[in-house]
Amino acid sequence: MKIATWNINGVKARIDNLRAWLTESAPDIACLQEIKSIDEGFPRLEIEALGYHVETHGQKGFNGVAILSKTKPDEVIRGLPGDDNDEQSRYIEAVFSVPSGAIRVASIYLPNGNPADDPVKYPYKLAWMERLRLHAANLLLLEEPLILAGDYNVIPEPHDCFDPAVWATDALFLPQTRAAFRRLEALGLTDAVRATTDATKLYTFWDYQAGAWQKNNGIRIDHLLLSPEAIDRLKSTSIEKSTRAWEKPSDHVPVSGEFDFA
DNA sequence: ATGGTAGAAGATCTA
């Protein structure tokens, strides 16, 4: 069973690429971020025509997440718990039945946080990460396969970016950001890509600007974090880099894991 | 120091 995450940077602008990727890569569950659409504006029929169920948590203009799946989820939760005043659509979670029981999958669009000296944006990112930690701690008590997939806007280690010096003061790489990410891992969550390879210079995002793709000036910020019950079932991971060279690409590429939940 | 690009907007904001 293939479970993937992809920040598509606008579902309307990316509909052709999304359809091509769903057809070629054929994930069983696809977690999308930055759909940049309200729920009613999501091209639901075009995705359903490819055999997918569609669950969205949209927002006008910015953000927005979705979970596409070949089987219908048993339960869907919209929004990250912990702050009733947070109006940004950055979290959706779904439970699926598999032969071995139930699995829980979340699509996460963690706040960017830049500029890091902004009085609102970086504190919002850190507060959001703490809310995610508290929610993840509760989910881990369920002792079921849990896949927290998404655009974390976190560069975990220096070798996860082309030039660490360039990112030293960026909200994606500041010590407090990386510490908050390590606190998630310390709960018992495992970075799936890191668990399956020792390779360095693995990137999932290349900026549109300054020829970043051509120069391989990338960063690894899209992650699958797995509970112990999920990592036990993980067979392989893949960073689907070829999509970055497509016409009209997203600046992110899909990251996927192959699982055996039989 | 600035701008470089892209998306959803339909003016700027976000990244």
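Every residue gets a Cβ built from N, Cα and C, even glycine.
On a predicted model such as this, the values are computed, not experimentally measured, just so you know.
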Candidates A:GLU34, A:GLU40, A:GLU46, A:GLU185, the one TrEMBL lists with A:ASN7, A:ASP151, A:ASN153, A:ASP251, A:HIS252 as binding Mg(2+):
A:GLU34
Report, as a single number, how many Cβ atoms besides its own are within 10 Å of the Cβ of A:HIS252 (active site, proton acceptor).
23
Recorded positions near A:HIS252 (active site, proton acceptor), in sequence order, restricted to A:TYR109, A:ASP151, A:ASN153 and a 10 Å Cα cut-off:
A:ASP151
For A:ASN7 (Mg(2+) binding site), just count the other CB atoms lying within 10 A of its CB, please.
27
Hey, does DSSP put A:GLU34 (Mg(2+) binding site) in a helix, a strand, or just coil?
coil
